[in-house]
Amino acid sequence: MAPRPLRRHPPLHHSFHESRRDPVADKHRINFEPVDIEMEVGEDEYILDAAFRQGIHLMHGCREGRCSACKSFVLEGDIQMEDYSTFACNDAEVDEGHVLLCRSTAYSDCTIELLNFDEDELLGGVPIQDVRTRVTRIEPMTKDIVSLRLAPVEPAGYEFKPGQYSDLHIPGTEEHRSFSMATTRSTPGHVEFLIKKYPGGKFAGLLEDGISVGDEIALTGPYGSFTIKEGHVLPMVFIGGGAGMAPLLSLLRHMSETGNTRQVHFYYGARTPQDLFYVDEILELGRGLTDFTFVACLSESMDPPPVGAIAVEDGNVTDVVGRREPDIGRAEVYLCGPPPMVDAALELLEANGTPKDQIFYDKFTSPAFE
């Protein structure tokens with residue numbers, strides 16, 4: 001069936017929270033193929049948000065129209081897409097009928113083909129939760145990375161999968177910022193986030209003088225599909241930089257806790273030795289795995305050399321991976337960090353023939369609009 005053209009409509013205010021939805025908004029039915037799942041969606045919400053609201057966990061990443069994790073194909077129906085990056089869905093794809101579900105609103109009953117999905121996750125993922133937390137620690141890790149530790153208060157626990165992220169709500173506003181958890185469910189009394197401080201950033205300002213130990217912060221989540229795929233056996237390559245350490249550390253902690261026997265090569269990119277952190281714990285976690293290597297990739301300076309039994313290479317992280325991983329086309333690759341690093345890594349993987357279904361990534365974008 002040929003795709004229907006996308007209709008253009010004025011921008012909509014949206015949220016998956018039931019209390020913010022318009023009870024009189026027109027409703028439509030969405031049928032997802034090839035999984036044969038049907039749900040209801042209102043004209044006041046994005047399709048991805050409607051899925052979250054009804055416990056359907058579609059593949060997704062940024063939820064801001066910047067990545068392509070939720071890209072799908074409209075088989076039938078009228079859909080409008082707004083406020084998205086053409087790098088995630090270009091004009092030719094839009095003309096063909098592709099949409100990003102995180103930025104798409106339905107104006108009729110629709111049939112949508114899911115291009116990326118995990119059958120085990122669709123109806124069995126972790127539910128989205130609203131959690132009231134209390135700040136228990138704010139600790140600088142480097143000159144621009146801060147560890148923020150939150151203790152769940154109401155409810156008293158927070159369920160998530162290693163590698164996922166949460167929305168942290170900025171107190172006194174309706175705004176939020178998204179950050180990945182570095183911890184696992186083995187520490188139910190606290191959740192740790194590793195946050196990069198950007199000049200002028202609103203959350204960075206909070207970390208400087210806006211919040212203190214004992215203050216409350218609301219979070220919503222978990223989100224994201226940057227998780228270990230159970231039952232997979234391929235070697236794993238982790239490539240990270242900056243605050244991209246958080247989800248990779250969560251994955252590594254989880255693998256150590258569960259006795260995972262897969263091979264892991266972990267490459268972390270930084271400018272100088274002073275930009276490295278959590279190295280001792282990473283090496284300790286690695287000693288509990290079957291086949292683990294950690295390589296620090298320093299792009300600007302090797303002086304002074306890092307202390308301890310750590311492998312260090314000179315150069316950008318993607319260049320180091322290219323030299324050391326000739327068989328990366330036969331590995332599952334997890335990428336997390338600044339967009340230029342992720343884009344360079346994706347080019348490397350494409351050149352080496354790594355299948356797309358073996359690549360999982362999160363881009364940590366800076367809040368330039370602040």
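Using N, Cα and C of the backbone, Cβ positions are placed for all residues, glycine too.
Going by what Swiss-Prot states, the [2Fe-2S] cluster site holds CYS62, CYS67, CYS70, and the candidate of CYS102, CYS110 recorded there is CYS102. Of the listed segments 1-21, 253-273, Swiss-Prot assigns region 'Disordered' to 1-21.
Each residue in LEU48, HIS60, GLY61, ARG63, GLU64, GLY65, ARG66, SER68, ALA69, ALA88, LEU100, LEU101, ARG103 lies on the same chain as CYS62, CYS67, CYS70, CYS102 and has a C-beta within 8 Å of the C-beta centroid of that [2Fe-2S] cluster site, without being one of the site residues. In sequence order, LEU48, LEU58, MET59, HIS60, GLY61, ARG63, LEU100, LEU101, CYS102, ASN116 make up the list of same-chain residues 6 or more apart from CYS70 ([2Fe-2S] cluster binding site) whose Cβ falls under 8 Å from its Cβ. Mean pLDDT for the domain 'FAD-binding FR-type' (128-229) in the predicted structure: 93. Between the binding-site residues CYS62, CYS67, CYS102, CYS102 has the most other Cβ atoms inside 10 Å of its own Cβ, all protein chains included.
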